[in-house]
Every structure is written in structure tokens, then in C-alpha cells.
């Protein structure tokens, strides 16, 4: 018997020699180890925000009482959307752009995601560059931000050793003074006095520029071979921060006055729970901490095998992330309590969030400890490893999204394409290395992933449940995992998660406040530029709709209907996993029944084949009901 010949038209460009079946997914690559995916997700979710945002948010929003809305929002918004993203990625084995074969009308959502991730990747690597700067500065016997009297210090600089000496006689008024660490950060690292504002960036700080170049080089070398290389690096970058965090925690709680800080962090103020702001803050913390909507989770899941238990992984990662945030709070606030005792001021005067905590307050606290360079190096090394694996995810998302769109041209040249993306983003980030670069970083941080990201996540949720259909989506998960999602997930996907995010979006718009950095208020043109960044990612959705509708035929309504239906080749990427409606719908498909492929391969029927038979039977019954 001669081998049946597939017409050229049916062969996808990504297949080699016309034999599609299993070549394409192998070409795309998979995780090589059992823990690669889980550790990559943990590394991606556990980032800088866990250390510098969560503890501060908790103490300003009711201390221990904040954990109530935090875990409720984790259950309503965090876990369900996290599971939805992983399911979409694993089921289709596609990146954040190509996954919209599920409903081509909404491909603009994927384009919006890529725009947001690109903007975030630019400034996130600048933060890693600052961390590298401090890491190198810690390799000394005396930390450079320990004392006043350097060329960058002003007359307002006041050394904490002087305060300590003064405590025994007269109380020192520190309200009009500046700590050496604050002047080191603003006047030496940033050299912000060389810029009058966002419109006057000043000169490039070459030492920062070299740190940025180094951070992009590290990122590139780690994602050089896609998930095969980054999947191995995360064994270190996702686990090592925990070791350092535990060391910092033990050191922190053994300091004098540590309990004062911990009390401040965790004392519950239940009256705060009546305020809507606290619930919104909890939802925002969950939203950004888990990294939903950035496409990273979807990308990582797309490299899984079809039957990977992502249901279990969802709970491990989301709960692990929450526990890490709480632990980080103890490590931070125990040191802040010690620091407040040393300075003789209340804890709320030393507590800060964001870069202020990482680059001013904590480094200052380090100078008060014996072996201060060692603890400083450990702290910044922890921040480096926390930041890097989040950055891997952003880069992998961009590269995967584009290579899945053009697999024939870009997959063989993935390393070169990754280099082009890294160089382009490095060049765009050069403005952040100038004397006024911090103003640009604040603008990017405030607007790049604000309301645009929420619109992307809300749209994804509504398209999957309303346009694609909840029944169909649950059936896909059944095919993949062997069971259907329970009523908890269905209720969250249908109503609770979109409603909560709508409330977040409305709150963000109503309570909009212009950006500021310290006492500097941004000019109107900068505000408009920031808002445009957010709006542009939202505009991708209608633009994508217009393109999708123009590619169809018929009346406008017919075109919309056709464009909203899943593409012909939507479904599992491997022929053997395609059952029910997905049978023989791949280009070049020659297999009449995927079950036969399984039988040939494994020599029997496994539990997943039983599931496939069940799903087929269920679909036949549904079809009969509809025809009646």
C-alpha cells in the first residue's frame, strides 16, 4: 500500500516534510524536568512586590485584619483566574497571541497583553540594574551609605550614630534631616539633582547604564534556549530567595526592638474592614502579585504536557505566594522595629513601600548591624533572584507570542530573535539610566500595567465564559485533567471574578490621582502620555476586532459570528489528544480517531482515553438534545 499523500495546501509551514502529527510540538519544545514548570511559576509570582509592597499594604490597611480581605480576594479573583490562564495555555500549547484561535475576533486582547508586558519588561529590568548597583556597592568593608561627609552629602545629612550618641543627653530633632542612605540613593545613584523634571532627563549615568546592560545580558543568557535553559535556572533563582529570607527573618527577630515592628505590622484593626479601600487594596495586591493577565502563566503552561495536573499546581503556587508575602513582612518589619528603637522614632516614620524601602530604609537598617556588608549583600542578592525569574517570564512571553505567530520563520532562529528583543528593550530603557530616569520609571510603573491590564483580564474572562462558552471550556478541562471544574470555579468565572475586577477598574478610574515622586508633581503632558500608554493596550482590542471582521465574508453580523467562533485548528496540539469535535481538524490530519494513535503508542486504554470516550459520548448526547 502506498502512503497517502497530503495536498500541499493542508500542510502547515511549521511542519517538516509534510509530517505534522507530532513534529510541531517537539519543534516548539517542552519543559525538560518535572519541577521546571512549578518552580518557574513560583519564581514568576514571588517577586519584588512580595517584599516591598505587601508588608506596607498590610500595615496601612488594618495590620493582621488585612489578611481577611486578602485571602477572600485570593479565593474570588486570584485562584480562579490563575487556573483559567494555565488551562488555556496547556490545552492549546500556544502563546498569548496564537491562543486567540479560541475566538479570533478578540485577538487584540493578546496584542494588548504583549504591549503591556513589553513596557513592564523595560522598567522592571532597570530595577534589577539598581539592585546590581547596590550588590556591587556592598562588596566593601564599609558600606558607602553608612556615614555623611562624602561629596554627594549635603548639610542636612545626619548620621544615625550621632543620633544614638545624642539620645543619652538631649533628644535630636530629625524632622529636617536626611539619612546618609537617602542621599546616597537620590544624589549618588540616581544623581537626580542633575535633572529639573521629567522633561529634562539630563546626562546618562554610565555606571547605571553598564548595570542595565549587565542585567539584560544575564536575562538573555538565561532565556537563550527558551524554557529548556530558563527552566533549569529557576531551580536556583526560585529557591535561593527562600533561604536568604529565612536567614534575614532569623536575624531580624533576634534584634532588640524587633517585636515592636512585628506588633505594628500585625496588630489587627478590624474597623478597617468596613472601608472599601481595604478590600480594593487586597484585590490589587492579589492581582499584581500573582501576575495574572501578563501572559506569563499562559506561556509557561503552554510548554506542559497535555495531562499535567495544573489544578494541584494552581493551589501550590497561589498559597505559596501568599505565605511568602506574609513571611517577608516579618523579615522587613522586625528590622524596621529595631531601626525605630535605634533612632528613637515611631515605626510609622521609618516604614516605606516600593523602591524607598529597598534602596533607602533597609540599606540604612543594614548599617546598624554588625557585619553590615554581609547582610546588605544577602538582601540585594535576594532581590536580584526575586526580580530575575519574573523578568524571564516577561521575556519568554514576548518571544513565545511572536514565534508562535510565525513558527516557520522564527522558531529555528529563536536565539537570534530573543537577542533582537533584548537589544531593542535595552535601547528603549536607556532613558531610565539618565539623571531624570527615575521620573520616567515612576510614570511607566504607574500607567503601563494599570487599567489596561484589568481590561485585558476582564475581557479574557468574559470571552472564555460567554463567547466560547462555559460548558465547552469545562469540557476541555475534563479532556485534559480527567474531571470538570466544580461549582466554585464556575461561579467565580461566570460572576464573581469579572464583577470584582470591574469594581477594581471603576475604583481606579474614580480615585485617579496624578503621579508624583517625592514632592515633584508630573506636568500635564506626562500625565497624558501615561494615560495614553494604558489606553493604547485597550485600543488593541477594537483594532483586532476590525482586522478579524475584514478577513471574513458575508454581512457584518455574519462576519462577527464567524470571527467569534474558534478557528478550525483550535484545540490540543498533538493529534493523539484530539477527541470529539477536535478529531481530524488539524491541517494535514490523516488520523480518523486519536484513540487509535493512543492504542498504537501505548498498547491499551489508559484513564485519559476513558475520559476521551466519556467526553465524546457526552457531546453526542448534547448534539441529540439540540437536534430534538
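Indices start at 1 and increase along the chain as displayed.
Placed from the backbone N, Cα and C atoms, the Cβ positions cover glycine too.
Those TrEMBL annotations? Automatic predictions, nothing curated.
These figures come from a predicted structure and were not determined experimentally.
Features of the protein shown, as given by TrEMBL:
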BINDING   43, 46, 50, 289, 321, 386, 389, 390  Na(+) binding site
DISULFID  148-157  disulfide bond
TRANSMEM  37-55  transmembrane segment
TRANSMEM  67-88  transmembrane segment
TRANSMEM  109-136  transmembrane segment
TRANSMEM  233-250  transmembrane segment
TRANSMEM  282-303  transmembrane segment
TRANSMEM  315-339  transmembrane segment
TRANSMEM  374-394  transmembrane segment
TRANSMEM  415-441  transmembrane segment
TRANSMEM  447-468  transmembrane segment
TRANSMEM  488-510  transmembrane segment
TRANSMEM  530-550  transmembrane segment
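Counting residues 6+ beyond its ends, the transmembrane segment (109-136) has Cβ neighbours under 8 Å at 48, 96-100, 189, 207-208, 211-212, 214-216, 219, 293-296, 355, 358-359, 363, 376-377, 380-381, 383-384, 387-388, 390-391, 394-395, 397-398, 401-402, 425-426, 428-429, 432-433, 437, 440-441, 444-445, 448-449, 452-453, 455-456, 459-460, 463, 533, 536-538, 540-541, 543-544 in the same chain. It is 447-468 that, among the stretches 315-339, 415-441, 447-468, 530-550, forms the most Cβ pairs under 8 Å with the transmembrane segment (282-303). Sequence-distant residue pairs (6 or more apart) of the transmembrane segment (37-55) and the transmembrane segment (488-510) include fewer than 3 whose Cβ atoms are under 8 Å, leaving the two stretches without contact. Taking CA atoms as the reference points, residue 390 (Na(+) binding site) and residue 157 (disulfide bond) are 36 Å apart. Residues 43, 46, 50, 289, 321, 386, 389, 390 make up the record's Na(+) site, and a Cβ search at 8 Å around their centroid adds 42, 44, 45, 47, 48, 49, 238, 241, 291, 324 from the same chain. Taking Cβ pairs closer than 8 Å, the transmembrane segment (415-441) reaches residues 118, 121-123, 125-127, 129, 190-198, 200-205, 208-209, 212-213, 216, 219-220, 223-225, 395, 398-399, 402-403, 517, 520, 522, 526 in its own chain, all 6 or more past its ends. In this chain, the transmembrane segment (447-468) lies close to the transmembrane segment (67-88): three or more C-beta pairs between them fall below 8 angstroms, excluding pairs fewer than 6 positions apart. Note: the stretches the transmembrane segment (374-394) and the transmembrane segment (67-88) are not in contact (fewer than 3 CB pairs below 8 A, sequence gap of 6 or more). A Cβ distance under 8 Å defines the sequence-distant neighbours of the transmembrane segment (233-250), meaning residues of its chain 6+ beyond its ends; these are 35-36, 39-40, 42-43, 46, 222, 324, 327-328, 330-331, 334-335, 375, 378-379, 381-382, 385-386, 388-389, 392. Counted over residue pairs separated by six or more positions, the transmembrane segment (315-339) shares at least 3 Cβ pairs under 8 angstroms with the transmembrane segment (67-88), which defines the two as touching.
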